[in-house]
Amino acid sequence: DTLDGEKQPQLIVKGALDREQRDSYELSLRVRDGGDPARSSQAILRVLITDVNDNSPRFEKSVYEADLAENSSPGTPILQLRATDLDVGVNGQIENVFGAATESVRRLLRLDETSGWLSVLHRIDREEVNQLRFTVMARDRGQPPKTDKATVVLNIRDENDNVPTIDIRKIGRIPLRDGVASVAEDVLVDTPIALVQVSDRDQGENGVVTCTVVGDVPFQLKPASEGEGEPQNKRKYFLHTSAPLDYEAVRDYNVVIVAVDSGSPSLSSNNSLLVRVGDTNDNPPMFSQAVLEVSFPENNLPGERVATVVATDADSGKNAEITYSLEASPLSSEAPGSIFSIDPDSGDVSVQAVLDREQRDTYEFQVTARDKGVPSLQGSTTVVVRVSDRNDNEPRFMQDVFTFYVKENLQPNSPVGMVTVMDFDKGRNAELSLSIQPGDHDQAAGIFSIENDTGTIFSTVSFDREQQTSYTFKVKAVDGGEPPRSATATVSLFVMDENDNAPTVTFPSNSSYTVLPPSSNMRTVVATVVATDADTGLNADLNYSIVGGNPFKLFEIDPASGVVSLVGKLAPKHYGLHRLVVQVNDSGQPPQSTTALLHVFVNESLSNATVVESQVARSLHTPLAQDIAGDPSYELSKQRLSIVIGVVAGIMTVILLILVVVMARYCRSKGKHGYEAGKKDHEDFFTPQQHDKAKKPKKDKKGKKGKQPLYSSIVTVEASKPNGQRYDSVNEKLSDSPGIGRYRSVNGGPGSPDLARHYKSSSPLPTVQLHPQSPTAGKKHQAVQDLPPANTFVGAGDNISIGSDHCSEYSCQASSKYSKQVRAL
């Protein structure tokens, strides 16, 4: 209760609060008045428990232990230290720091304050430190801060990073200084001459060392002790002789000792010991070479030193002092003393004469070396003096003049010849350089080149004999000596002809012509074809021939001279222009040819030259395969005359046949009963008979059609009435004729003749046979129907049934068809 009479609610903590157990509370606050009935209201009150730093960080482990390989690169993670804090906020933020740690730990390792990762800061060498032990502290950021500690143990794992070391020391009486041991050649086998100590700083298998002597030397290693207590990474060996030593055979031995550890990969090292063997006097003088070859230039001065020979003696003192002398070679009986001499002490060989390599290029003799021991021992060597060349000879060509023949049209850069040159010198003095030297008129400038090694001459252009027939130039040879010497030779090149030019016709020109009278005799020279060829020999040997335009064989040409002669008799059909196609061939291989046109105008005179010239001009545009010979209208007029005669004969034959048909029908109708008069119906002359379709004219063996029967065609002729009008039909014409009745309609109507009865009649009937070869007379004369030989009839009065229903088989079937043709007539 407050002083002013109000009530003030207060929230009082009755028990201990622990945020880590419960961090919030939710309460319901209710207020109620004292009325009746009482009124009240309520609200929710949330209480949040704030944190205080009442919890310390805690590591997951109290001791962290890990293995780390030595020489791990900086930044390599080792392990992560994990600590937790139940507080929140800054009270729960943990930082990791080194606790009790040496300076080397802080120098070699790095600890991340936030993540707790421990990593390598600098490389760690196990040989310097094999274990790191220190503490790490986890500290929160509360006030006051709380901490926790953990111990970290890092075991450094050995890596094979150290090579074995080899130490060679003196032992016994064998002197050893600066890596050199002196051993007498008479020492006994298996004598120790040095102590070898091998060690490795690595441990375990990486420190187990194996030691051996390499190479083919008479020494070997033996362990100094075989005790089991000796460390594996430190061992001792004795170096023993394993074979007798021979000063004369080998004076020095380089003994190489190799130590290899057992790591993976293994490491090795080596050390060497130079063993010098002492000598005894038991060897003669020896030359380094059994044969000594010396090069000495020619044209020398007498007394010049040629070479110095040196012999060695494995002995020492007087036994090694040597004197020299010259002797004849076993392969040569010539004494060398007349040309060469030797100094007995120094071994200098001198020449006493002037040498000429071109006369003799090799000398051989023997040098003997004797020592001054007792008894004296000697050795010898063969000296071969090869006289070297000097440039004292100039080049020489095998010929002063080289002559070559080449074909024209040779491809550029083709060989055209080869020159031979020699030099009696040798080596560089005989190395020749060849070049083309232009002639007097620079004919070869830029045209020819020469190959230095073979002397082959090449042309840079293609030759044309018609342009130039020969070339002359010089070839110069220069040697490589100092000073150089040279020589020259002349080359003559003649170009041989190739058939590369076709004949050229100089007369006549294609547009010219020659007039030949028809009265010319046989063998009259019409013209001469003149041709030339730029080639020579057989390539220019020409022959002439007529290859076209001579269908009547009137002309021939002399193959050799080109003379065109008349060899046939001229007839009227030969009048006019003749175009002879003349071909000129040469005799080359392959042959070349040219075609020319020779125009010959056959006529008595040249009355109109313009016409002839126009014909010649048209000839030049006419294909050569088409003959132009004589008057082309002559044969055409003969053909036209034959056609006119044939047409006239055909017309006369038709007229004759018409007259024969008309007269025959007139006579036949006069001897029979007449037809009914007064009928105006159009009636046919005949009623055709059906033929067997299978019976067709066959072809003979030659493929020609068989002969048609004489009755194969009936020709009708259009006639006129007496007043000049045309009849409407043939029947109308016949009806107007005296004594002749009329037919009825062809289709079997009234007035139609009974053809079947007519065919059965045995009474003789006159017939008219028309030959199928008779010419037609145009549209007015049309073939009506093929009829059998006896299918010709006339009207017979009472014998014809008017309106009869009877008909022959043919007339009933064909009446409809042929009624149309009769109407057309």
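Just so it is clear, glycine is given a Cβ too, placed from its N, Cα and C backbone atoms.
Averaged across the domain 'Cadherin' (2-59), pLDDT for the predicted model comes to 89. The domain 'Cadherin' annotation in TrEMBL covers 2-59 (among others).
If you look up TrEMBL, you'll see 60-166 (among others) marked as domain 'Cadherin'.
The domain 'Cadherin' feature in TrEMBL is assigned to 181-287 (among others).
With DSSP states grouped into helix (H, G, I), strand (E, B) and coil, the domain 'Cadherin' (288-397) comes out at 7 helix, 51 strand, 52 coil. Annotated domain 'Cadherin' per TrEMBL: 288-397 (among others), in sequence order.
The domain 'Cadherin' annotation in TrEMBL covers 398-505 (among others).
According to TrEMBL, the feature domain 'Cadherin' maps to 508-612 (among others). In the domain 'Cadherin' (508-612), helix, strand and coil residues by DSSP number 11 helix, 46 strand, 48 coil.
Per TrEMBL, transmembrane segment is recorded for 641-664.
Among the features that TrEMBL reports, region 'Disordered' is placed at 672-742.
Per TrEMBL, the feature compositional bias 'Basic and acidic residues' maps to 673-685.
The compositional bias 'Basic residues' annotation in TrEMBL covers 693-707.
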**Prompt:** How do the residues of the domain 'Cadherin' (181-287) split into helix, strand and coil according to DSSP?
**Reply:** 4 helix, 55 strand, 48 coil
**Request:** With DSSP as the reference, give the number of residues of the domain 'Cadherin' (60-166) in helix, strand and coil.
**Result:** 10 helix, 48 strand, 49 coil
